[in-house]
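Colleague: Quick one: this structure, given as structure tokens, is what I'll be asking you about.
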2 protein chains.
Amino acid sequence: MPSGKILVAQGGGPTAVINQSLVGVTLEARRFKQVERVYGARHGVRGIINEDFVDLTQETSHNLELVANTPSSALGSTRDKPDLKYCQEIFQVLRAHEIEHFFYIGGNDSSDTVRIVSEEARKAGYPLRSIHIPKTIDNDLVGNDHTPGFPSAARFVAQAFTGANLDNASLPGVYVGVVMGRHAGFLTAASALGKKFPDDGPHLIYLPERTFVLEKFLADVKATYERFGRCVIAVSEGIHDVSGAPIASLLAKEMEHDAHGNVQLSGTGAMADLLCEEIKSKLGIKRVRGDTFGYLQRSFIGCVSDVDQREAREVGEKAVQFAMWGDRDGSVAIKRTGYYSVEYELLPLEAVAGKTRVMEDEFITASGTDITDAFRLYLRPLLGSGMPDAFRLRHSPVAKVRDQG
Amino acid sequence: MPSGKILVAQGGGPTAVINQSLVGVTLEARRFKQVERVYGARHGVRGIINEDFVDLTQETSHNLELVANTPSSALGSTRDKPDLKYCQEIFQVLRAHEIEHFFYIGGNDSSDTVRIVSEEARKAGYPLRSIHIPKTIDNDLVGNDHTPGFPSAARFVAQAFTGANLDNASLPGVYVGVVMGRHAGFLTAASALGKKFPDDGPHLIYLPERTFVLEKFLADVKATYERFGRCVIAVSEGIHDVSGAPIASLLAKEMEHDAHGNVQLSGTGAMADLLCEEIKSKLGIKRVRGDTFGYLQRSFIGCVSDVDQREAREVGEKAVQFAMWGDRDGSVAIKRTGYYSVEYELLPLEAVAGKTRVMEDEFITASGTDITDAFRLYLRPLLGSGMPDAFRLRHSPVAKVRDQG
């Protein structure tokens, strides 16, 4: 018999829709009469260790709906990645509070946390149901068609490149936009969805799925600049050389490491600046500008995909249904079933945990610097309704009168 | 008698609504039966010198309406600032094409161009009507309550800080967002409109209207971090020391200069990175992140103030009306008449040209690191309808059970 108490937490980097999943869990759980309390742990697993819980049963449905539409993690997040000892401590807290359902919303690090907690519970003979709910702007969870959070970040990136391309066409030069994505290039590739007319940028896209060679990059930029008189470039923060060493490491002398051993590539404009310097000095182009999209792309308010909102809500709801009516732990996954429709399924935690999906080869052109129509077809429905569209003047030239004489 | 030909051009940095003014001029001019042709010069005054004109009379009204809603300068822009010789050449072209109405949409550099062209026409006895149409995200034109382009950029900055604050609350640390604005801090100050709850960021705002002292900055950050456990900071790219030397110059060893003699502060993430380094090394705070908003803030598609769109359209329309029915050259200006309503007037070019407005003292708190309610009241109606709002969970703590024993 269930204890009547469930716990939900949010881990990893925030997204524009992660609160939809939180509210999906909370409201759906409140419909089950055996659920007495819905607790939220503040700042992820760290909040479990610290017994830092809030009672979401005392929150109004109305405010929950408003929070659902607010970006970032309303419960707070953490970068902690529990080891065995950490997980044993999680148990002591869960047991002490008689919590028997644990929902953790996060990316592949978080899914690994759920896997470890689930195993520890089984070994300890504690009746815990553990469900991982997917979330990541990187879109790098295996077993998922895509992950909640990615479509809204992709929409931001596409809209940003639509604007950057128009800006660059107005004052021609070279523009470099650096996009998040440590191992997977999906978000950088989304820049291509900002293109409309054939000569629109981004003209070149550099993904972590392909080796970055500086000389090739400069040759690409030169050729594009000569052809269009300008060049718009999308670059993933995770680009690396043939040895796998991040290009960013050429620049940042001291690199920060977070608790997961990941090099900090976000929160600094160094790579954009270095690439711009290379273009200026090696190609002799005067007007070269770089932007690093940074945190804007994952928590911007007011640029959200309605498809993403809907799905993020549903993975939260389905997680509760799988937990209440099912007989196993797992990771909720999105499966595409049509053009465009989805179903949700519960994957074994081992199938998802700690694994990293990268862009499929069919999504990248042979040149390695553009995306295919297959990717365009894949991403477009995810961006949702009401995507803004760019228009231009038709060219009706007026004859010169001065130079004719 | 008018020649029947008018010329319109766009100068300086693009905005999200500058095409509204272009279309306002074009459609309004097409209503006057004495107007035979509406020409657009491509890439500003440079396009006049090059006789690079397009015939906007051959464009459909429908496409013009769509272009009006597209950010950036549809005709292209330029950073050229004409001197006397340049202006004499402009004449030769205008005279050769029998153009007798010249509309130039731009900021204070562009207004100065219109002033010189107007003077040259008068001296040469050439019957030219020259009207400057205001545009700048910096909001630094004197004689205007505000300038078209600023409200939409301000909306982007406010929304960006709403998201950045939520992100920072989720994963606490220090966040530095660098905002455009060489001499005027209006756009940086707009970050404060992203605040809702009393402890929301931006907690500190650094404007070019106040001297930046690094030691004071670090003390401010330390105090804020100790109070809230986190700190969100908005910094203008134009901050400077007591001698007026830009803080950015401490960092960038080689600084680019554009044709106007302005130091290039945009298109590099150097200042954000330097400030983050200072905070890390001097205050010992581990999680410090910086974003440079760069070009995103001026040309982002899909984050536009409807008030800004409406007014940008009207300054274009009024420019034509002033030209056709008036008897003098000038600069169209927005005058606030109520809460919230505006009227348009034609100022003498000398009153606007080449002058720079900065933030009024009443808009800045005594501390120098925040804005007043007067500024909040000034800016809020400009941001337009449908501003997204952020919500948070109410705190209903659950009693700890482990630590009681």
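In case you wondered, yes, glycine gets a Cβ from its N, Cα and C as well.
Automatic prediction, not curation, is the source of TrEMBL annotations.
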Colleague: With B:THR136, B:ILE137, B:ASP138, B:MET180, B:GLY181, B:ARG182, B:TYR295, B:LEU296, B:GLN297, B:ARG298 listed by TrEMBL as binding substrate, identify the candidate in B:GLU89, B:GLU237, B:GLU350, B:GLU360 belonging to that site.
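Modeller: Candidate listed by TrEMBL for the same site: B:GLU237.
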Colleague: Let me know how many other Cβ atoms fall within 10 Å of the Cβ of B:ARG298 (substrate binding site).
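Modeller: If we count other Cβ atoms within 10 Å of B:ARG298 (substrate binding site), we arrive at 27.
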Colleague: Let me know the DSSP-derived helix, strand or coil state of B:ARG298 (substrate binding site), please.
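Modeller: B:ARG298 (substrate binding site) sits in a helix per DSSP.
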Colleague: B:ASP109, B:ASP138, B:GLU237: which of these recorded positions has the sparsest Cβ neighbourhood within 10 Å?
Modeller: B:ASP109
Colleague: Chain A proximity: which recorded positions among B:ASN108, B:ASP109, B:LYS135, B:ASP138, B:LEU296 have CB distances under 8 Å? Answer 'none' if there are none.
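Modeller: Near chain A: B:LEU296.
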Colleague: Can you tell me which of the binding-site residues B:GLY181, B:LEU296, B:ARG298 is spatially closest to B:GLY13 (diphosphate binding site)? Compare CA atoms only.
Modeller: B:ARG298
Colleague: Below 8 Å Cβ to Cβ and six or more residues apart, same chain only. Which residues does that give for B:ASN108 (Mg(2+) binding site)?
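Modeller: Residues satisfying the criterion: B:THR136, B:ASP140, B:LEU141, B:VAL352, B:ALA353, B:GLY354, B:LYS355, B:THR356.
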Colleague: May I ask you to report the DSSP-based helix, strand or coil state of B:ASP109 (site 'Important for catalytic activity and substrate specificity')?
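Modeller: The three-state answer is helix.
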Colleague: Here's one to test understanding: among the recorded positions B:ASP109, B:LYS135, B:ASP138, whose C-alpha is closest in space to the C-alpha of B:LEU296 (substrate binding site)?
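Modeller: In terms of Cα distance, B:LEU296 (substrate binding site) lies closest to B:ASP138.
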Colleague: For B:ASP138 (active site, proton acceptor), which of the listed recorded positions (B:ASP109, B:GLY181, B:GLU237) have their CA atom within 10 A of its CA?
Modeller: B:GLY181
